[in-house]
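Taken from TrEMBL, the feature transmembrane segment applies to A:20-39, A:51-71, A:117-142, A:149-166, A:172-190, A:202-225, A:260-281, A:323-344, A:356-383, A:390-409, A:415-444, A:465-493. Residues annotated as domain 'DUF112' in TrEMBL: A:20-440.
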């Protein structure tokens, strides 16, 4: 039972007092950032990644801090989806359906408490599932050569289109754009500068953290500048979070069913958390039929998508850690976070750095416990953040972005680059071209190219090596299946709307 | 914020998508063309230009498809909003340039005050909140987090 030993070790590390403290700080900070109106979880994590590099932490400690911020941001995003009806990310959309009506009835606190408990249970189910399924992948990993890795990256980009709702064409365009931007800089194999146009600042390539902060945080500010309103926001009666515990008990069958559904949809690469919360909400609605009051503030309508969402996010760790394929925008951010710490997810990670994998799993779990402990009593305080005016928050976000990016390399060039990415992100958003695939292209492009060129040098320049093995054919077939499934799924959603 | 809901903010993307498609198609063609100037090293079956070419083909094709079948766009900003955005970008560009020579405190103070004003607060509020925000962030970054910030010339501790 190697895995249990590693998991126990991971927990032992995560439970050290310093790490627990960091987890607490991370969760509190993350919740605050995630709850900032208009900022949302993905932007929040993107903003925090460069800052955490400056704390001089050990890799494990930094990982725990970032993961806690990630979890905190996700939870903070839920506060704005439930209380303001503004979902911070895609999976949170289903939560607004019953969460906001609950808040209107003065049961916002209860909804938030319930969401905390439901997410906790969903994440726990996913952690157990991860422990059970991961060993299967370790044996599988040994058969991967460079050509198979290349196929895997194609799969990653094929499936990200199925997730980010909207036009498939546009998400593929975004991915290609990201891959092309990823080739900027000196080529590692031949030392030839590519697309640098004589700018020596670009020789190291585009730092994806600079791109990330620009594409998300800066472009968010530009969106915010469109409609500035000066005035106070309506306050809402929150109510206590304590009844959330009781309604969680009443919803326990719902939570159990939704966790299972969420986990299964999370494991499918490319499906991810959005599908998890969508499926668990609609299936639960159908299961309960007339016994439910969905859409008008039924607590089960909050419990189902929250449990499903978090179980899916945990389940999505399986394709993310083992194949390097992130399932959703937020998992993509988690991938960026890991890559920024020099942890490269992929088939070899489980075999070569098991302590890292299980340390991460333990950190995620601890983060979840922390959130539960932190948020049930403090939900009222966090909800206050929503009342902070945009004219104060957004300049703060800009300052944090500037200081974070500046501290990476102490160069003004990176700041200009960040602004340029901010404009790019803004224009892409207006065009409804998703920005997450751009970041993914930047993140994964180097590895993808490296594997392609290694495969080519093995075959002596014969391109057919890329589709000559059973595994790569299987992966391509799977990618095509998922694209078709994604098209059918989005067609079904359109029919329903 | 966006009380009117996201759905009503969508417009037809015929113009926007076609412009974007054209720009991207030109970009793809340029990337393809430029990649031929990357010298292939000795004993390499594929050179540094192969991967950019491999990516620029689908990018170009998808861009052409976008020109033929444009989709939807979010509503583009009005003139006043556009002016604010351009103003903010120029301000932040200036901030990037002056951060090092001026030091964090003075450069940020000016930037934050103007930025808050751009976000819609009146002057008095901008001055007060801007000063509080700048000093607060400075204390946070410099002392609490120990991050190296550019100091004012002639002033260091």
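All positions are counted from 1 along the displayed chain.
Positions of Cβ are set from backbone N, Cα and C atoms, glycine also.
Highlighted: of the candidate stretches A:172-190, A:323-344, A:390-409, A:415-444, A:465-493, A:415-444 has the greatest count of Cβ pairs under 8 Å to the transmembrane segment (A:202-225).
Within the chain carrying the transmembrane segment (A:51-71), a Cβ under 8 angstroms from the stretch's Cβ atoms is held by residues 13-14, 18-19, 22-27, 29-30, 33, 41, 44-45, 330, 333-334, 337-338, 340-343, 359-360, 363-364, 366-368, 370-371, 400, 403-404, 407-408, all 6 or more beyond its ends. For the transmembrane segment (A:415-444), the partner stretch with the highest count of Cβ pairs under 8 angstroms, out of A:20-39, A:323-344, A:356-383, A:390-409, A:465-493, is A:323-344.
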